[in-house]
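Q: Below you'll find the structure I mean.
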Amino acid sequence: MMKQGEESLYVAILFSIVQLLQLTYLAFGSKISYVWNNQQAATDLSKILSYFVISAHLRQQKLELYLAIFYTFFGLVILSIALFIIFAFAFKVAVLPLLILKSLLKLFLTIGFLPIMLLFFGILSCKVNSDGVEIWSYNADVECWGNDHYIHAIFAIIGILLFQILTSTTCLIYFESKCVYGNAYAQRSGRPFSYYHINVFIIIMSYQLLETPRFSSLFLTIFTISSFFLFYQIHTEKPFYNKVVQKLWSIITALNMWTSIMLIFAYLLEGQYFRDVIWGWVGGIPLIIMIIINEQLFEVDLLSSNINRATSGQQIIILCEYLLQLLDKNDQHSLLMLDGFIEIHKQTCYRNDCILKAKKSLNDKNKHATLQDIERYTVFIELISQIYYDGIKQFPQDVFLRLNYSYFLIDRLKLKQQALSELQQAETSGPSFDHEFIIYRYKRIMEDDLQEQQQENLNQVDLVTEIAFQTQSKQLIQQIEKTSLIYIDFWAQLQEEIPDIGRINNLGFKILDSVNLVQEQWNRLKRLNQKASKLNRLMGKYYSQIMNDEEMGLKLIQQSRMNQNDKFKAIDLEEIQNESLPTITILTDVDKIGTISNLNKAACSLLGYAKTDLVNRKLNLIQPDLFSKYHDHFLENFLEKFQDNNQNYQVKEKSIYVKNKQGYIIPCQLNIRMIQTINSGVFMCGTIKQDIYHKPVSIFLCQTNGIIENINSTCIRMFGLELKSITIKPINIIDIFSDIFDRKEELLQKAGGVVSYIIGTRSSKTNTSHNSLQDLEIDHSQILDNQNKQQVLFQCFLQEIKFQCIEDEIIQNKLQGYIIKLEKIKSQEKSQLYTKNKTIQNQFQFKFNCQNLTYLLEFGNGLDSQDPTVKIDQSIIWEDQTKISQQIIIDPQVQGSDSQTNYGEGIKIVRLIGDRIVEIEESKSDEYEDDNMQSLFQQNDNNEDDQKNEKDTINLYRSKSQLEQLLSQSKIPRTAINFRIFINIMTLVLVLITFLEYFINSDFNQNLLDSLPLVSQNNQRSSTLMGIQSVIQDLKALHYDQYPLLKDPQMGYIKVEQQFRGWLDKELQQLIQLQKQLTLVSAEIGKDYKWVEDYYEMQIVEMASLEGGTQNYTFNEALQSSIAKALQINSTSLDKINDQNGDVFYIEYNVFNSLTQTLTIPAEYFKYNIISRGESLETSVTAFLTTASIILFFQICFIILFIIKIQVVNQAALQLFLDLNEKKIKSIYVKCENFITSLQVGDDDDDDFISDNDEKDEENENKEKEEGDHLLNGRKKRKKFRNSNQNYKHLILALFLVIVIMAAYFIFLFVLVQSETSNIIKLIPVFNQTSFSECYYRYSDNALRKSLEVEKYTFVGNSSVEVLNFLITELYNLDAAIHQIHSSNSDILNSDYLDVFNNIFILTPCDYIVQIDKEINYDICLNFNDGVLQQGLSIGMAKYFESFRQVLNSYNQFNESNDYQLVYNISENKRTNYMMNQINTNQAYNMRLMQERYIKAAYQYISQALIDSVKKNAQNNKNLKVILFISFNIFLFFIYFFVWIPLVFRILSDMLKNRLMLTIIPLQIIHKTASIRQYIRKIINH
């Protein structure tokens, strides 16, 4: 994923601007926009900014739409996390999923973070409406934390946590940590940018969860503090390398902080001291942008910089980055700054080898500008490397400093191996999570790059690579020693009398792991050096003696020997320092070809340079100008020819000219050879031998037009020419020798020609452009041998300069210049003396011939062609080794062993097997012998199949790699596979049961809760019917003018009638609504209670009419007919509402009699509806518990069987080791001990690695005895063993505990549902009595009124006196029962409900009555009946009972013979007048009003509060169930995917490891052990 393409700057700018607008939206959101006090402007800005967020467009939309978008992004977050996990363990990643993950992460980290976080937090955003109900901010119709909202809220919380963790973690690791051109998002550290996401998270959380304007000040404080912290982190840390992106984000964070400040300003001062602060905010935006843009770039004070005084590694990083910036700019200001730093650093640097102190001529003005820039760049790069190095020494634990140094090594110095070493050092310094990931990433990159370079033969040669090679070699040896010790412990365990196969198993696993570590380390070393002969030899012995893999051991030994004879000689670069001749090595890498990597002191002495002046510089620096410009072409041509013919790795001497530090050329002979260093790097090494002349020779290098380019130092003495003179003013060679080009053809001859120079004359060919020698200050005494002579003669040799080796035809055919050599002739001798050919001084030397044992005189050519670093006695003539080896092969003495007489011819080998003598043929293979013997003893009928399988597996015993491949690819037993399939199916079924149990039981539980209000509604329906009866009684009393207490003297009963009719209409509407709701209810009655349903549907309610007729109805039909009669009465005029009205009679009579008698029918019906639904819920949860228990039982059984089966398979593989012969085990043990001894002593002898030869001799001696034992005894009796490995038992116990936890979930749900259902059923009497009280009080009052109105009225066949006495007693009992039943069920009743109950009965019920009856205000309630309700409903009820008893007493005390002083004269009838006066008392009126208004409202509130309390408890239980459901499913998900699946993989991998442990046994022993062969054959057949 990190190997991504370029991050476009334009895309980065666009995304950043969108993020700015998203941040600004939070300041103008609907919840905080009022702070600006400019609603129009804030609204307009909010609309514009809302286009960049999602949730702003979902307000007042349906919940389903919001949830669809919410779960879409929730799924994307889960998908990203899943892809992360998959990619973390995948070996190969598909392109499309990787592209999807990269796109999602880019979206989440940039423009998608704020909208998605707003969307997630939006689910949790709630507010309180005017009714005190908490509703959802995005839709007022959705109640917060009700119905299914809480489930979505839980998923929102999970999504918020997962999303924040994903983005925060990704921010820290998913970025380019070094400066990369084209990557706009490259950052120094991911931490500052992660603060942006944390800042947004905090602001959104406070914005969505804090209620405004109540907590506006808190929100603004959080907004301001987080914005300031974000600005500080981004602006000061400057995480982005790209300056444009960094400037842009500084502007973004600055504007965000400016917005928060202006919000505070508007909140505190808007409207008081200032107006339209929002326009001030707008005006400040361009000012802040200009301030940030025009801000001066951060500069380091180079004049006061001193790394010795650095207090942290960050200061060193800043200094180095600033120096690199100045180097890259390369303008006048940067050069001045660098020059100033040079002078300061020279004074402050404490190092004696400081690069700036060594480079004294860095600011030499005489140098060419380009050369000076190149040298400055080179010096500063080395200086920065030096600063980093010193800084790391000063702060060795600073991980960030080491990281930056490794980036510098990678990008600037191209030293990847050294960068890898720095990363390894940083890894040991306790890095943080983000730094640890960066280290891991770049380590992988460096290792891959180094491996690719090794394959392409482009390794860089540096000392760090060699050190790393040596260090890792030591680590390899240590790991080999550790592995060998484990092997010794393993074989020692097998030699015990009772081996412990558990310990054998653990040791075998350790061996396999340790072997893998050795192989990884070995592969890592092979990347550095594939021709390390010593390590190849060591690994060969390791494979042969420890791992018993002779094939690989022999291969490595042969490779080691081939490397020793390789024509590329691997030497150490440090050996060049010991060369006596001047030697220079240069790099052959494509990007650094011709760069000097090393030179010795002799070369420095010859050239006059210090070593530091030339290392890492081009070789062109020491070459004459005519040659230097084409030198890279020479090298490329040479390397191409060298690669085409690799055997000619050494070339002949070549004549060259080098230029010393003073600029004078030196003629030399060059001997070139190719060398290879320890780390397999290829170098070109040149050995220089200066030409020695017995006579003074002046050399001129001239251009084609004769301009002198270079001269040697002899020209100073012979001609008085200095390099400075020809550099200032060009001199032509014809100024010195005027006819030199006229005689060109003559001088080009091998013998050359004589030229003369006459002092005091000028050549006629000299033009104004050429300076005469006379114009120069020349000491002629150095030129003339004698003052009297005016002419000097020179032997001149002319040579043309052409470059035929360059493929360019134009350059090949072009004349580049001339080489002119001049030898001074001392006297006027004939020129013939100098025209003779130069004789070559042949060198002869005596050499010793080893074959003839004599000395021979042979010709030698000076420098030997052999490598001068190899110490070989050149005086000895060595014979070709191939001839000697051939002579040895042909030697008859050597071949004599094959021609010896076979004295064993005709002798047969027979053995006594049982009672038979069997002839044994030596030519038969061991496999055939074993099969034959086995057939004799075991009488196996499948010999042919065994022999066929033996042929198929015979190759396995020849190669350990094939055997290892077969075992690693072997399949697990079919039984184990079936067990695993069954376990997965059981798990899937368990998940299905969990979901079904939750949703089905939730539905049952909701039905149960919905049936609770039906009991109260039924009683309220009866109470409402009786309330209608009560109003009809009052209307009838108005008709008969029996209410003088309420009669207005002027208007009469008009207002009273309107009031009564209003009450009647209200009661009718309520009754109609209740009847409709109860009629539409679909009750669930169990089979055991079918009689209740039948009784409810029977027509047993006998309704009587005024005419005396009766008709039977069901209860609902009777109520419906009563409603119809009541509606008729309500529409009838007052004068018709009398006792002769059939409708009035129908209501009064039937309510008092038949309807009252059958009130228990619907009460029982709805009671058993609750009981039936509760039993259904209990049955359901019991069924799910039973099913889940069965599933869990089978699951744990299958798990145990699966683990036991794998344990049996593993133990069977381990028991094979017990079949090994003890002597062979001991021999292997001894061999391992010998290897450890040789390894610790350091013995590198190759002959020890084939220690099996001695073993084979011993094996041959004991072969017959061993085979005889096998044959006579059949299968060898297996050793007794013990198994200390009890891990599988612990594993079973742990999985059993997991199953117990799963079972506990279902058991807890069962107990919870049982308890909840039981409590609800226990509360049915509470529901009944509380809601029925209202009805009972109404019936009592109506019965009392009717008894006063009509003498000897019968109620349900009983007299009025009996009924009234019964009713007053029952009222007392009902009131006491209500208090008693609440007290007895206080443990299951909600505390809030008990508080309401106590407040109504003990304190004052007026607070609750006014909420039910809107016509009653609080003051009227408090002042009713002299404030009887101020001390609670209990006092009011006592007053009511007292009034009822007093009226009843007055009713009972009436005597027709007594005369009474009455207030009103209502009727001529004495009794009627008496009774109506009792009704028209304040006491009777207040009593009636008490039961009609106050008692009714109080008990309705109590009933509703009771229902709400039960629902609240049920909601709490539901929330608990949801939490348990989600937790259980998360637990299942975690257990299955993070415990069970890894556990299965581990178990199966351990099984494969147990099989792979067979590779520890030598192949010969495997081949000769029948049980192991059968086991392998079984695997193959499977």
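Placement of Cβ uses the backbone N, Cα and C atoms for every residue, glycine included.
No curator has checked TrEMBL annotations; they are predicted automatically.
Straight out of TrEMBL:
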{"type": "TRANSMEM", "residues": "9-28", "note": "transmembrane segment"}
{"type": "TRANSMEM", "residues": "68-95", "note": "transmembrane segment"}
{"type": "TRANSMEM", "residues": "107-130", "note": "transmembrane segment"}
{"type": "TRANSMEM", "residues": "150-173", "note": "transmembrane segment"}
{"type": "TRANSMEM", "residues": "216-236", "note": "transmembrane segment"}
{"type": "TRANSMEM", "residues": "248-267", "note": "transmembrane segment"}
{"type": "TRANSMEM", "residues": "273-293", "note": "transmembrane segment"}
{"type": "DOMAIN", "residues": "590-642", "note": "domain 'PAS'"}
{"type": "TRANSMEM", "residues": "981-1000", "note": "transmembrane segment"}
{"type": "TRANSMEM", "residues": "1181-1204", "note": "transmembrane segment"}
{"type": "REGION", "residues": "1246-1269", "note": "region 'Disordered'"}
{"type": "COMPBIAS", "residues": "1246-1261", "note": "compositional bias 'Acidic residues'"}
{"type": "TRANSMEM", "residues": "1291-1313", "note": "transmembrane segment"}
{"type": "TRANSMEM", "residues": "1522-1548", "note": "transmembrane segment"}
Q: In this predicted model, what is the average pLDDT of the domain 'PAS' (590-642)?
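A: When the pLDDT values over the domain 'PAS' (590-642) are averaged, the result is 83.
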Q: Find the member of 9-28, 68-95, 150-173 that has more C-beta pairs under 8 Å to the transmembrane segment (248-267) than any other listed stretch.
A: 9-28
Q: Reported in the order helix, strand, coil, what are the DSSP residue counts of the domain 'PAS' (590-642)?
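A: Taking each residue of the domain 'PAS' (590-642) in turn, the totals are 31 helix, 6 strand, 16 coil.
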Q: Let me spell it out: take the transmembrane segment (150-173), skip the flanking residues so only those 6+ beyond its ends count, and list any with a Cβ under 8 Å from a Cβ in it.
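A: Contacts of the transmembrane segment (150-173) (Cβ under 8 Å, skipping residues fewer than 6 from its ends): 67, 70-71, 73-74, 77-78, 80-81, 84, 105, 108-109, 113, 116-117, 120-121, 123-124, 190-191, 193-194, 197-198, 201, 433-434, 437-438, 1519, 1522-1523, 1526.
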Q: Quickly jot the same-chain residues contacting the transmembrane segment (1291-1313) by Cβ under 8 Å, restricted to those at least six beyond its ends, or write none.
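A: Same-chain residues near the transmembrane segment (1291-1313) but 6 or more away: 990, 997, 1001, 1005, 1177-1178, 1181-1182, 1184-1185, 1188-1189, 1192, 1195-1196, 1199-1200, 1203, 1517, 1520-1521, 1524, 1528, 1531-1532, 1535, 1539, 1543.
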Q: Do we see three or more Cβ pairs under 8 Å linking the transmembrane segment (107-130) and the transmembrane segment (216-236), pairs being at least 6 apart in sequence?
A: no
Q: How about long-range neighbours of the transmembrane segment (216-236): same chain, 6 or more residues beyond its ends, C-beta under 8 Å?
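A: Non-local partners: 26-27, 32, 35, 191-193, 195-196, 199, 202-203, 206-207, 210, 249-250, 252-254, 256-257, 259-261, 263-264, 267.
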